[in-house]
Amino acid sequence: MKYQKLPTSMNGSGDPEQGKVASSAAAKAGPSKALITFAVAFYATCSSTMLVINKLAVYHVQAPSFVLFCQVAATAIAVYSASGAGLVKADKFEWSKVKAFFFVVAAFVAAIFTNMKTLQYANVETFIVFRSSTPLLVAFLDFAFLGRALPSPRSWGSLFFILVGAFGYMSVDSTFEVRSYSWACAWYAVFCFDQIYIKHVCNTVEMTNWGRVLYTNTMSMPLCFLVSLLFREDQVLMSMEWNFNQVFFLSLSCAAGVGMSYSAFLLRSSVSATSFTVVGIMCKIATVVINLMIWDNHASTQGLAALFICLSAGVLYRQAPMRNQVNSSK
């Protein structure tokens, strides 16, 4: 993303060079609180509904990779069309940026695919519990690779109680199935890498958020199609008799995917990787409520209590500052 030079009337001195300095300082200052608040609210809305929508889509269309292919294809077409019409600004394809997004796409597809495979065999709450424990590892990765300080004692307490709630849930999970937990563990490893590497790309590759959405989803299409063939989902689709529910929930998941892709990149570029992960956990409160209202495949009362310990503990978390900011303040 290019930052425009401030006009002389905006820097108050009539000196264009001071305008450049002001623009540079504004860029280094980071996103405003208003932008962060909007990004959190937008992402929370999309994320809290997307998990349930994906569960319904995978339930009705027993082909997770095909559902994912439809989502990324619909998002890529929507952004490309909107960009061509001048409604949004998306970066054109350049080889240097394509290379930078290669591992982003691999992590993106792997994370969503293992997410959907987990939802295929487990209830929504089981997935949320695994999701709730990710900040513990991401906090260390944030420190090791992205220059963040370690969390404060208060934030460590928050992460600890998130883990307590997660273990409490697993101890009372009556729907325990090795296959579902195997996919959840695979998702966990991919997700933690995804959080750190995509944040690194957001920090180092200057692009618009719509450009990031276009690159990620367009480049994901061949990989999703290949995965679908490898898991022989073509046979599932050929043997399936399509009905209204299948078409409706597949279409709904495609529409929701556009908002989810943009809101995720907007929030990633505004906060730390660990904060992004914690926000993702907190917005799952709405997911649990929606799931209880429309679905009979959910956790027991004890499991829900453990889950809410995870979610409530997340309220105490505070984003750790960059290490250079801590050192400069001493």
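We number each residue from 1, going along the chain as drawn.
Just so you know, glycine gets a Cβ as well, placed from its N, Cα and C.
Per TrEMBL, the features are:
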type     : residues : note
DOMAIN   : 40-317   : domain 'Sugar phosphate transporter'
TRANSMEM : 34-53    : transmembrane segment
TRANSMEM : 65-88    : transmembrane segment
TRANSMEM : 100-116  : transmembrane segment
TRANSMEM : 128-147  : transmembrane segment
TRANSMEM : 154-172  : transmembrane segment
TRANSMEM : 210-231  : transmembrane segment
TRANSMEM : 247-267  : transmembrane segment
TRANSMEM : 274-295  : transmembrane segment
TRANSMEM : 301-320  : transmembrane segment
Whether the transmembrane segment (65-88) meets the transmembrane segment (210-231): three or more C-beta pairs under 8 angstroms: yes
Stretch in 100-116, 128-147, 247-267, 301-320 most in contact with the transmembrane segment (210-231), if contact is a CB pair under 8 A: 100-116
The transmembrane segment (34-53) versus listed stretches 128-147, 154-172, 247-267: most Cβ pairs under 8 Å: 247-267
The transmembrane segment (154-172) in contact with the transmembrane segment (100-116), cutoff 8 A, at least 3 CB pairs, sep 6+: no
Averaged pLDDT, computed only over the residues in the domain 'Sugar phosphate transporter' (40-317): 84
